[in-house]
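Here's the structure we're looking at; comments come further down.
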Amino acid sequence: MSGRCPRTRPCAWAGLCVLLVLCWLYVFPASRLPGYEEILDEVSRLGPVWARNRTGIHVYRKLLTDCCDPRRMFAVTKENSPIGKVLWYDGELYHSHTVSNDTYPLFVQDNPLRLPLKKCAVVGNGGVLRHSGCGRDIDDSDFVMRCNLPPLSKEYMEDVGTRTHLVTANPSIIEKRFQSLLWSRRAFVDSMRAYGAGYVYMPAFSMRPGTEPSLRAYYALADASSNLTMLFAHPDFLRSVGKFWKGRGVHARRLSTGLFLVSLALGVCEEVTAYGFWPFAAGPDRRPVSHHYYDNILPYTWFHAMPEEFVQLWRLHTSGTLRMRVGQCPPRDQGGDIKIPQRHSRGTIG
Ligand SMILES: *[C@@H]1O[C@H](CO)[C@@H](O)[C@H](O)[C@H]1NC(C)=O
Ligand SMILES: *[C@@H]1O[C@H](CO)[C@@H](O)[C@H](O)[C@H]1NC(C)=O
Ligand SMILES: *[C@@H]1O[C@H](CO)[C@@H](O)[C@H](O)[C@H]1NC(C)=O
C-alpha cells in the first residue's frame, strides 16, 4: 500500500501539481527573500557597526578565483584569446566570435590591473546615492568602478565623486545615446572625458548585436587618442560569474552589471565598499528614492533580479566580507558609518 498509487491518473496529477509548485517557487522565491521592512530592521539594528571579516574576504576571493579566475579572465586579452580562439557569446545560445587578425590587435596584452588592488569602491547608480554625501568617500578609494556610463557632472559630485578607474558601457547605450556611433562620434568622445584615463569595460561578446557598436566605440576612442583604455569583457568570465550567483539563489536571466563588478572586486581587491545598491522604492530613512541617482526611469524588471541580488550583497555586508553604504556617508571628521535617522542609534565605530 505505502508508496503505491491505486490508480495512476490522480498520482500523475499530484506529481504535476508538485512540479508546478516547485517551478513557481523557483521562479518566484519571494517567500525566501527578506523584504524591505526586514532589511530596514536589520539596517537599524546593526546601526553604524560594521567590522571587516578577513576570513570572509579570503573565502570569497578563493571561491571567485576558483570558479571564475577574475585576474586572468575578466577581460579579453592577447594572452587568453590568441588568433583562432573561439569566444562563445554568453548571452546567446549558439554564436561565437573567432579571434582574427582584425580583432586581435584590439585586445590588451595582458590583465592591465595592477594587483592586488587595495580599497575598491563599486558605485551602483541607485537613487539612494542622492543626498548621500558619499562623493569624498568614493574618491578616497584606490580603485573606483562605475556602471553604465553614469553622469558625473558637478551637480552629483558631492554624492558620487569624480574619480573613475573602470566604467562599464553597455552596447545598448552606445546605440541609444550615440546612434551606434554611425553618425558623429564627437559627442561620445567628449562625454567619455568624464572618466579620465581609466578603463572602459564593454561586454562586446555577450550578445550578437552588441559586437559592432563595441568595436566602433573602441575605434572612436582610439582615433581620438583618448586617455581611456577599452577592455572587452570575456564572455567566459561573465558566464562563470553568472553560474556562481545562480548557485547562490540569484535567478536572473542576466546578472546586473553591478553584481558583476562586485564579483570582480571581491576577486581582485583587498577591501570592497559598494555604494548606490538599494532596490527599494523607499530609502533606509523611509523617504522615497528614485530609481537612479540621476533619473527615475525604470528598467525592464523581468530581466534582472535586483532584490535577490541585493540580498546576496546584504549577506556579504552583514558577514563583514564587503561593506554596503545604504544611507548617508559620515561627515569627514568622524570615522562613523551610515546615519540612521531613528530608533536605536549607537556610537560610531569606524
Ligand atoms: C566571516 O566569514 C566567514 C566566511 O564567510 C563566516 O563563516 C563567518 O561567520 C563570518 N564571521 C562573522 C562574524 O560574520
Ligand atoms: C595575420 O597577419 C599577419 C601579419 O600581419 C600574417 O603574417 C598572418 O598570416 C595573418 N594571419 C591570418 C590568419 O590571416
Ligand atoms: C589626456 O590627458 C591629458 C593630461 O591630463 C590631457 O591634457 C588631455 O587633454 C587628455 N586627452 C584627451 C583626449 O582627453
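Cβ coordinates come from backbone N, Cα and C, glycine included.
Matching TrEMBL disulfide entries to the candidates C5, C269 identifies the partner of C120 as C269. Within the same chain, residues at least 6 positions away in sequence whose Cβ sits under 8 Å from that of C120 (disulfide bond) are S141, D142, F143, V144, M145, A265, V268, C269, E271, V272, T273.
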